[in-house]
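Notes follow once the structure below has been shown.
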Amino acid sequence: MAEKRNIFLIGPMGAGKSTIGRQLANELHLEFFDSDAEIEKRTGADIAWVFDVEGEEGFRTREEKVIFDLTEKQGIVLATGGGSVISKETRNRLSARGFVVYLETTIEKQVARTARDKRRPLLQNGEPQEILENLAESRNPLYEEIADLVVKTDNQSAKVVSREIIDRLGF
Ligand SMILES: Nc1ncnc2c1ncn2[C@@H]1O[C@H](COP(=O)(O)OP(=O)(O)O)[C@@H](O)[C@H]1O
Ligand SMILES: O=C(O)C1=C[C@@H](OP(=O)(O)O)[C@@H](O)[C@H](O)C1
Ligand SMILES: [Mg+2]
């Protein structure tokens, strides 16, 4: 049997990793995973709770471990959390184990898409626009560093983005 391949979605909060990842996995008949959902499954608690109780550092330790474990698999689509790339180990791991697709969008779209959702702890204290700009400054170079493919998600639906990824990766 030919080796199954993996697709890993990276990019900032609200880029559409979780939504597009699910769509992509459906279309390609691959298994879908989301690192946040996997952390919630393992802890039996939501992401906000993990941040509250264990701090961001505790969350990052869990995130690194979950991504390490999921990337042992073959034939999956994995939506990562927006901050996962701050770990060098995770960046190396993603690069080594599959195609890395960077979903890029504007800060304005990120703000709009995350506005009604209280589940992202990093956006709950302060001005989302400013927080997202600061995160972009430190993280965008890390997304770029490991991206095999960059796809804009600001002006097209999840379905169209998913088709574009399939076409451009030649899956
Ligand atoms: N291409 C898109 N166009 C419009 N809305 C989108 C698109 N991708 C995602 N969304 C919406 O934006 C919100 C955040 O998407 P999500 O997949 O959770 O992003 P991420 O996992 O990157 O943080 C969701 O409400 C989702 O329905
Ligand atoms: O950017 C970040 O640091 C985070 C992004 C979130 O995932 P999404 O990128 O799927 O929103 C989630 O992992 C957590 O709230 C922290
Ligand atoms: Mg997500």
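Just so you know, glycine gets a Cβ as well, placed from its N, Cα and C.
It should be emphasised that the depicted structure is a prediction, and the values quoted were computed from it without experimental measurement.
What TrEMBL lists as ATP binding site is G14, A15, G16, K17, S18, T19, R120, Q156. Residues annotated as Mg(2+) binding site in TrEMBL: S18. Per TrEMBL, substrate binding site is recorded for D36, R60, G82, R139.
Among the binding-site residues A15, G16, T19, R60, R139, Q156, no residue has its Cβ under 6 Å from any atom of ligand 2. All chains included, 23 other C-beta atoms sit within 10 angstroms of the C-beta of D36 (substrate binding site). Fewest other C-beta atoms within 10 angstroms, among the binding-site residues S18, T19, Q156, are seen around Q156. Cα distances from K17 (ATP binding site) to the binding-site residues D36, R60, G82, R139 are smallest for G82.
Distance from the CA of D36 (substrate binding site) to the CA of Q156 (ATP binding site) is 24 Å.
In the structure shown, across all protein chains, K17 is the one of the binding-site residues K17, R60 with the greatest number of other Cβ atoms within 10 Å. A Cβ distance below 6 Å to any atom of ligand 1 is met, among the binding-site residues G14, D36, R60, R120, R139, by G14.
When the binding-site residues G14, G16, G82 are scored by other C-beta atoms within 10 Å, G14 scores highest.
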